[in-house]
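What TrEMBL annotates here:
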- 1-128: region 'Disordered' (REGION)
- 14-30: compositional bias 'Low complexity' (COMPBIAS)
- 50-60: compositional bias 'Polar residues' (COMPBIAS)
- 96-106: compositional bias 'Acidic residues' (COMPBIAS)
- 117-128: compositional bias 'Polar residues' (COMPBIAS)
- 167-503: domain 'DOT1' (DOMAIN)
- 309-312, 332-341, Glu358, 394-395: S-adenosyl-L-methionine binding site (BINDING)
Amino acid sequence: MFGNIQTKSVLRKVSVASTSSNKSTKSSSAPPAIEPRKKSTQLPLPAQPSKLSRPSTPQHKNAVATKVNNSTSKQALVRKAVKRKAVTPPPQWDDSSSDSEGDSEVSFDSTRKRIRSSASSVDPSRTLVDRTNSWTAPTEDFPLAHAADLVSSDPKFLPAFREEVATEVELQYPSNSKRERFYLANSTESDGYKSIEDIGETVKFVCANYLPPAEAARACDEEFGFERRLNRAFKGSEGDPQEYKKILNEYNTLIETRVKDGTIEKVLAGKHGMSFDWMKRILDQVYSRTVSPYVESLKDYQNGTDFVYGELLYTLCSKMFKETGLRSDQVFVDLGSGVGNVVLQAALETGCEAWGCEIMKNPCELGDLQAQEFPQRARLWGISVGKVRLLRGDFLDSKEVGEALKRADVILVNNQAFGPNLNSKLVDRFLDLKDGAQVISLKSFKPDGFEIQERTVNDPRHLLKVKKLEYFSGSVSWTDAPGNYYIATKDPTDLIAFQKKMIKGRRA
């Protein structure tokens, strides 16, 4: 997205980071529909995976020790909590699910970790389960950016446990798709990727959202659930990697069994929306495995022009979708889509057909990487998403954008840094919108008090009815301050009434 932003605040704050695309054969089972730009990505690909080992130099060992000792208070609390000894054995899992059917989403009452129970978007007409995926027989291999790929070739990563070579594990997702490969490794950077967190969060959301209620409650138990037991096995890098792997294999077996016996498909088929945090988990994985390795390239722009990069964050986008009532049977268009974040969020959160157009080279190429990973990641999670189309070029000149705008129900324009000339041209483009179409912007296209007068009766801004709304701190990437956004609805009612009154007055 374009925006008036400081370069130090470019990247999206996510808890997981980078891997590259993994080459493999394509599946005969069609993934969710997506059409990336024709031009191929020119960014360099990461090196091929190799065994990840811990450097033997004292300097690296000291760095790891310092990182552990300088944990934040929140991390210290978590690590202290996981050292408590179990007083009863962990739950046993049956070979078949006998729990009653229904919505399995589990809320955690603990203040340490909580899954939001409220859905980001609920559309009764939407089918959340991926019906293109076979739930009874394994699918063929398909391209996927594995978490292990970049970690294995990046010197910033060291084994998460006190071992010379990082343990490699696999993680089963709630579908019959192949497992994702991980190295149990963490970045030496404080805000870098940590495989332990990635795995733990994924396990938590799978157990909470894909199992029948009683089984989900056991799997998510604060004392004996999978995430808790994995944390115990980790013990802040002092634990046992083989015990960690054993618990993870137990989780993998449970989820694989529930996929094969049809339980997970049945649970997912009863859902018509997803929680905000569940949605965020999937998008974070896409972003971290594609954009994060090259995020520095997004700083390559010139302030004071129409071509400035900035991102609208998850919470604000979700609020915008709710305010406009965006549904799975509608069309969304993002003019100045950057790396495609909002386009992908719209397609995942609401299931709508989502379009984006971007002119700057680096965001376009990172958007292409996301477009390649997004349908595969959705397939892992068994989720049906809306059709996505990302375009490269000037949205004022693009015929494809013009055709999409004619069908669009919701249009987003992050015009925070746009000059008056570009905003004026955009208003002219809105003449092609259908009545009732809604345009979201960070600057209003219609000034306050702009009333219809005979001398301005042909101004296209009179076709817009504007509503001013507020966003809160932490909604955009370029500032922590709150601000406003606007929703302009194309509604010619007032203009038609004025024109009739004007004609009647002339006749009199």
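Using the three backbone atoms N, Cα and C, a Cβ is placed for every residue, glycine included.
Nobody curates TrEMBL annotations by hand; they come from automatic prediction.
Taking the features listed in TrEMBL, we show where each one sits on the structure.
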| residue | record | Cβ neighbours (10 Å) |
| --- | --- | --- |
| Leu312 | S-adenosyl-L-methionine binding site | 26 |
| Asp334 | S-adenosyl-L-methionine binding site | 29 |
| Ser337 | S-adenosyl-L-methionine binding site | 28 |
| Gly340 | S-adenosyl-L-methionine binding site | 31 |
| Asp394 | S-adenosyl-L-methionine binding site | 11 |
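Ser337 (S-adenosyl-L-methionine binding site) falls outside any helix or strand according to DSSP and counts as coil. In the three-state DSSP scheme, Leu312 (S-adenosyl-L-methionine binding site) falls into the strand class.
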